[in-house]
Structure formats: C-alpha cells, structure tokens
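Asks: The following feature annotations were taken from TrEMBL:
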DOMAIN    1-103  domain 'HPt'
MOD_RES   His46  phosphohistidine
Amino acid sequence: MDIDAIQQIFFQECEEGLAGMEASFAALRAGDREPETINGVFRCVHSIKGGAGAFGHERLQAYTHQYETLLDRVRNGTLTLTPALLDLVMAAFDLLTDHVGAARDGEEAPADAAMLDRLAAASGGEASPAALEPAVEEAAPSVAAPDDFDDLMAMLGDVAAAPTAPVADLLEEPVEPEVADWLVDY
C-alpha cells in the first residue's frame, strides 16, 4: 500500500471521527457530562493531530494541538464545561472540519489565528501578540457635547444631585466578606 492510499484512509477516519464528535456535541448540548463523552471528542482530535503530523499537515497539526490542550483540561477537570465553553469547543470543531477538508483537498488551510487565540486563552495559555491588539471597531456616530459644564449639569438633572450609598447597603442580604471586596461604589 502506498503513502497516498494510507493518507486516504486517514482522511476517511477523520470523517468518521468528525461525525462521532457531532453526535457527542449533541449529547453535551443536551446536558450529558459523562466523562466518556468528552473523552471521545478528545481522542478524535488527538488522532487527527497524530495523522496530520505523520502526513506533514503542519497547520492542521498545530490547530489540533491547541484544540486538544483545551479538551484535555476539560476532561481532566481543570476546566468546567460551561455553556460558553461548549460554544467555543463547537466553534473550534467547525474550523477543524474546514482544516481537515483543506488538507484532504490540498487547499490552503483556513485562517485560524483568532480561534487559536481563543482556545489558548480559554485553556489558560498565552494568546499570540495579535490577540492582544485592540479590536478595530467602526466608530459610533458622534453626538455634539454641550458647550459648557452648566448645560451638561442641566441635562443630567437630578441624577447628579442624587445621594449615593455603598452597594452593600442597598442589598437585602448581608454580603459575604470575600464578595464585599468586589463591590464597586459609585
């Protein structure tokens, strides 16, 4: 058997693994938190990483390495699979599917820097310098500011003169000491 035939078997196994991951995600979405469910997702990503390395698909290997790191922290209990984390894991799956397809078809790997940064951040790793750059957002339309302070105060009306109280005083139940340090008074 030649290397191309072996690689085709690898891609067939990728497709089977990806289908299994989809079934696992449906179970996780429904509330399944059995260790074997997340272990199955981890093993699939781990297998894809190994095959990608063996066949020289470096971008796929690098992507699955970061994805696998996050999944490993979930399966060993370091991270709790919250709904938000599950959303990230599933979004990473979508990009993994694109990566596998690109490698199989000999196409350029999909852009994955943003997802790699999200995976690294979620797993407690360091984000790339690009992720630390502020996001460029479209500027909101500007509103003309009042010409002077008196006009501004008139716009605010009684809000500026209202008495303030510490947030802890406004709560009906006593605040635990470790939480009280986090309350912000305005």
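Indices start at 1 and increase along the chain as displayed.
Yeah, the Cβs are placed from backbone N, Cα and C, and that goes for glycine too.
Unlike curated entries, TrEMBL annotations are predicted automatically.
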Asks: Let me know how many other Cβ atoms fall within 10 Å of the Cβ of His46 (phosphohistidine).
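Replies: The Cβ of His46 (phosphohistidine) has 18 Cβ neighbours within 10 Å.
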Asks: Express the predicted model's confidence over the domain 'HPt' (1-103) as a mean pLDDT, rounded to an integer.
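Replies: Mean pLDDT, the domain 'HPt' (1-103): 96.
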